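Novice: So TrEMBL has the following annotated:
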{"type": "TRANSMEM", "residues": "26-47", "note": "transmembrane segment"}
{"type": "TRANSMEM", "residues": "53-72", "note": "transmembrane segment"}
{"type": "TRANSMEM", "residues": "93-117", "note": "transmembrane segment"}
{"type": "TRANSMEM", "residues": "129-146", "note": "transmembrane segment"}
{"type": "TRANSMEM", "residues": "158-176", "note": "transmembrane segment"}
{"type": "TRANSMEM", "residues": "229-250", "note": "transmembrane segment"}
{"type": "TRANSMEM", "residues": "271-295", "note": "transmembrane segment"}
{"type": "TRANSMEM", "residues": "311-333", "note": "transmembrane segment"}
{"type": "TRANSMEM", "residues": "354-374", "note": "transmembrane segment"}
{"type": "TRANSMEM", "residues": "386-405", "note": "transmembrane segment"}
{"type": "TRANSMEM", "residues": "506-528", "note": "transmembrane segment"}
{"type": "TRANSMEM", "residues": "540-561", "note": "transmembrane segment"}
Amino acid sequence: MEQAAGCPAVGGSYPQKNAEILSSQYGINLFLAGLLLTFAWAVHAVGISKSHLLSYLITLMLIQLLWMLWYLCRSCTQRRLIRDKDTHAGARWLKCGITLFAVITLILDSFKIGYYIDFLNCLSPTEGIFPVTHAVHTILQVYFLWCHAKDVIQSFKTLERFGVIHSVFTNLLLWTNGVLTESKHQLNEHKERLITLGFGNITIVLDDHAPQCNCTTTTLCSIFSQGIYYLYPFNIEYHILASTMLYVLWKNIGRKVEYHQQNKTPFKFHGITVGMIFGLIVLTSTIAIVVVYLIQIGGSKIKSELALTMFYLHAIFVLALMCTAGIVALLIYRLEDRSLDNSKNPARKLDAELLVGTAAGSWLLSWGSILAIICAQGHPKYTWYNLPYSVLVIIEKYIQNLFIIESIHREQEKANDDIKTLRIVTISRGSTLSLTPLYKEIYNGRATRDSGDIPCLFKGSICGRENDGAGVAKEETSQDNSLVMHSASDFSFYSRNSVTNNKRRILKNIAAFLFLCNLSLWIPPAFGCRPEYDNGLEEIVFGFEPWIIVVNLAMPFSIFYRMHSAASLFEVNCKT
């Protein structure tokens, strides 16, 4: 039973707190069971096959589908009721982003279906059922998030907590499955590249999960098998975004919403030309670097070393620019005197925690590389570029996190009364009189301090008809005197406004530049350009298997950090 409106909050808080704890523990156990199954399949545990893992994931998706259908049907029957909404959750640009990733995920599912049909004779039926179920799950989940991501659930709260947390950890398990599958593919390619770089002392054993039969159509099988791994990065981002949006929905269950005016902040290209141009230059050059890297790496030892050197030099230059831009933005914030918004906001809190938490993945890899460079006995020339690269990765994320977290916590700038003017045009005897009292003066009632009359603003056109010729002449004389006083104050107001606008324009350009830079730095690791694998020095110092475990654990967080930072910077640009 839900807490009655008139009952004390303390009496009804215990059942809801217990429901929150029970649902979170249910989700964690659900995730751990799936994680163990995933690990068992990855290490070829006896008696555990891929069909067992897929069956578990299919079951979880079907349960979530039933819950979402129930929620949608109940919402449809209660659509006339006024529901509480969290205006900060489920931003439109976030929904558009998850829709784009979902569309590419559907293409991935179609490739998996085609791959299953080509290897029908030797694949388990679950490998055909899984992509079909996943496609239906994706379509319904995106529709659910578009319609209900902002909901603050106030009825059936205990049941809804279990349904939402089930959805959160289902998406996390699907994300884990995608990360592991993609990482195993990258690891096989990495082992083959190490031979080219001359690290023959490392044992090369390929981890092969390929079907044990021939494909019915060789060309199509090649397209499907290669295409699947290029689409996995988008599938991975889709599931992590879905899980974060659902987590915010879970945190909002039973929450008391603070109603206040929320200014809409649409994205505009006006005023960010410089940041966009430099950002697009970085994005274009990064794509070119990735293409050359993937072509050259593994070709020969000289080509591989040149590819690594090229990558490090480009990354050092980009990271140095990002550090400089972030420092400039923070200096501008120090020169401003604006309060922070400390109101309760689950979406904003989660954004800040994800930024710091996922940055730890990159920091772990960077410190591992720094330690390997210091401790290694022999240093190929290209490995020295890894040192400034690793240091800059640590510094850049530190500065960028400060900038983003402060930006999303700063209160939006309100319209300044000092610079608002109101021009009133009245027509009297065929002539136009331009009256320009400041809006601040009208608001504070100082526009009428000499005469004590109600200003013409509130009388409308009656003012013009009531004044005779003498009154008009007197009014014009008083206006001439007031214009002298207003001109000096207006000049200071406009000067102050000009400085504020210049700062705002610089911040918007910095946010736009960092947004495109983060998208650029997301591309290399997401599509197989990973010097942490190909460098080879870390494997010698730490050992092949320990370092590969570290990379496989940290890399998904590093990739997600860049996409999440880009999304946060987009929001910063809109709010600035």
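Numbers run from 1 along the shown chain.
Yeah, the Cβs are placed from backbone N, Cα and C, and that goes for glycine too.
Predicted automatically and left uncurated, TrEMBL annotations should be read as such.
The model shown is predicted, which means the values in this text are computed figures rather than measured ones.
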Novice: Can you work out whether the transmembrane segment (386-405) touches the transmembrane segment (311-333), with the criterion being 3+ CB pairs under 8 Å where the paired residues are 6 or more apart along the chain?
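Specialist: The answer is yes, given that the two segments have at least 3 Cβ pairs within the 8 Å cut-off.
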Novice: Should anything in the same chain at least six residues away from the transmembrane segment (506-528) have a Cβ under 8 Å from its Cβ atoms, list it; otherwise answer none.
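Specialist: Residues packing against the transmembrane segment (506-528) from afar: 186, 189, 230, 233, 271-276, 278-280, 282-283, 286-287, 289-290, 293-294, 311, 315, 318, 321-322, 325-326, 328-329, 332, 400, 403, 407, 555, 558-559, 562-563, 565-566, 569-570, 572-573, 576.
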Novice: Need a quick answer: max count of Cβ pairs under 8 Å to the transmembrane segment (158-176), which of 53-72, 93-117, 311-333 is it?
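Specialist: Looking only at 53-72, 93-117, 311-333, the most contacts with the transmembrane segment (158-176) come from 53-72.
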Novice: Out of 26-47, 271-295, 311-333, 354-374, 540-561, what stretch is closest in contact terms to the transmembrane segment (53-72), meaning most Cβ pairs under 8 angstroms?
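Specialist: Between the candidates 26-47, 271-295, 311-333, 354-374, 540-561, the best contact partner of the transmembrane segment (53-72) is 26-47.
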Novice: For the transmembrane segment (540-561), could you work out the same-chain residues 6 or more beyond its ends whose Cβ comes under 8 Å from its Cβ atoms?
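Specialist: Distal contacts: 175, 179, 183, 187, 190, 199, 202-203, 233, 236-237, 240, 354-355, 357-362, 364-365, 368, 371-372, 375-376, 397, 522, 525-526, 530, 532-533.
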Novice: Grab the same-chain neighbours of the transmembrane segment (311-333) for me: Cβ-Cβ under 8 Å, and only residues 6 or more beyond its ends, written as numbers and ranges.
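Specialist: Counting only partners 6 or more residues beyond its ends, the transmembrane segment (311-333) has Cβ contacts under 8 Å with 278, 282, 285-286, 289, 293, 382, 385-386, 388-389, 392-393, 395-396, 399-400, 402-403, 406, 410, 503, 506-507, 510-511, 513-514, 517, 520-521, 524, 529, 531.
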Novice: Within the same chain, where does the transmembrane segment (229-250) have neighbours whose Cβ lies under 8 angstroms from its own Cβ atoms, ignoring anything closer than 6 residues to its ends? I mean 6 or more beyond.
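Specialist: Contacts with the transmembrane segment (229-250): 23, 86, 89-90, 94, 97-98, 100-102, 104-105, 107-108, 111, 138, 141, 145, 148-149, 151, 153, 161, 164-165, 167-169, 171-172, 174-175, 178-179, 181-182, 185, 346-347, 350, 354, 526-527, 556, 559-560, 563.
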